[in-house]
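Undergrad: Taken from TrEMBL, the feature domain 'tRNA(Ile)-lysidine/2-thiocytidine synthase N-terminal' covers 51-242. Under the heading ATP binding site, TrEMBL lists Gly54, Ala55, Ser56, Asp60, Val86, Gly164, Asp169. Residues or ranges marked as domain 'Cytoplasmic tRNA 2-thiolation protein 1 C-terminal' in TrEMBL: 279-310.
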Amino acid sequence: MKCELCQTRNAKIKRPKNQMPVCHECFYIVFEEEIHHTIMTNNLFKRGERIAIGASGGKDSTVLAHVMTTLNKRYDYGLNLELLSVDEGIIGYRDDSLETVKKNQITYELPLTIVSYKDLYGWTMDEIVKVIGLTNNCTFCGVFRRQALDRGAMLIKADKIVTGHNADDIAETVYMNILRGDFFRLHKCVDIMTGREDALPRCKPFKYTYEKEIVMYAHFKKLDYFSTECIYSPNAYRGYVRELIKDLEKVRPSIITDIIHSGESIKIDTSNVQFPKKMNCKQCGFVASNDLCKACVLLDGLNKGKARVAIGRKE
Ligand code: SF4
Ligand code: ZN
Ligand code: ZN
């Protein structure tokens, strides 16, 4: 069968997004061009900006570093790209994946900054798990990572942070927010750029990029990425939602894009949604919706040996 795009080479794959038979060369082109289109139509960047690429060494962020470097050169975006990694302190997982980021730093010739939980908060995830066990570890980790990325980006004087969140991640988050009635987050999770008016906006150039295509791209291009899951990963709830979407995808490949479009189109009656206030944490000065930011509340709990109490406190 011939490739549907060039009509000359043999088709080697079926695009997961639309089932189109294409050759490898055309697949690379459409994959990259769709991301370029997303970047341009959403005005994600301005010439001269310093962009921190959140790099974990996994497939998404490795492909993100590769594609951002490629497009920045091809279309002369004029961006200063840098890699920014967070070391959660998980032996046997993050130490290995950071080795992959270091290799990428050399391949793409990008500066790399690593910020660690140990330096920022005085605790590694390994130490936190020893104290709190394996029930709420991802709550700590998620809150700390978010702030750690901000802190790292401020350190390198970045104008924006880009993350490798892909279409599957966003569709899962839309679904999870609907299931738990979290309309504030539903509103936010489909936004390609959050915090536009803040000092450090975050954007997701892979918002419409299918995970399967990211894996294919990384595989055929032989990119160096780390594929092991975190040793503390439970995430049962997201796991169920992911399975459900994967099952639906088998009968309707467009389901991922459909869910994202639904999330974008849902009009929210804001009179019923409590939007958190924005202020600065009295302890660390970072963004908070209360006197103390979530990271400080969790950290205080840990330091006082009352981590379980801290989790129950509403921000
Ligand atoms: Fe952190 Fe949980 Fe992700 Fe592991 S699975 S890196 S503990 S958020
Ligand atoms: Zn082709
Ligand atoms: Zn704080």
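Cβ atoms are placed via backbone N, Cα and C, with glycine included.
As the structure is a computational prediction, the values presented were derived from the model and not from experiment.
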Undergrad: Which residues of the chain, 6 or more past the ends of the domain 'Cytoplasmic tRNA 2-thiolation protein 1 C-terminal' (279-310), have a CB below 8 A from one of its CBs?
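TA: Non-local partners: 121-123, 128, 131-132, 136, 139-140, 143-144, 147, 150-151, 198.
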Undergrad: DSSP helix, strand and coil counts for the domain 'Cytoplasmic tRNA 2-thiolation protein 1 C-terminal' (279-310)?
TA: 14 helix, 4 strand, 14 coil
Undergrad: For the binding-site residues Asp60, Asp169, which Cβ has the most other Cβ atoms within 10 Å, all shown protein chains included?
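TA: Answer returned by the neighbour count: Asp60.
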Undergrad: Here the binding-site residues are Ala55, Val86; which one has the lowest number of other Cβ atoms no more than 10 Å from its Cβ?
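TA: So among Ala55, Val86, the binding-site residues given, the one with the fewest Cβ atoms within 10 Å is Val86.
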Undergrad: Please list residues from the chain of Gly54 (ATP binding site) whose Cβ is under 8 angstroms from its Cβ, counting only those at least six apart in sequence.
TA: Ser61, Leu84, Ser85, Val86, Leu149, Ile161, Val162, Thr163, Gly164
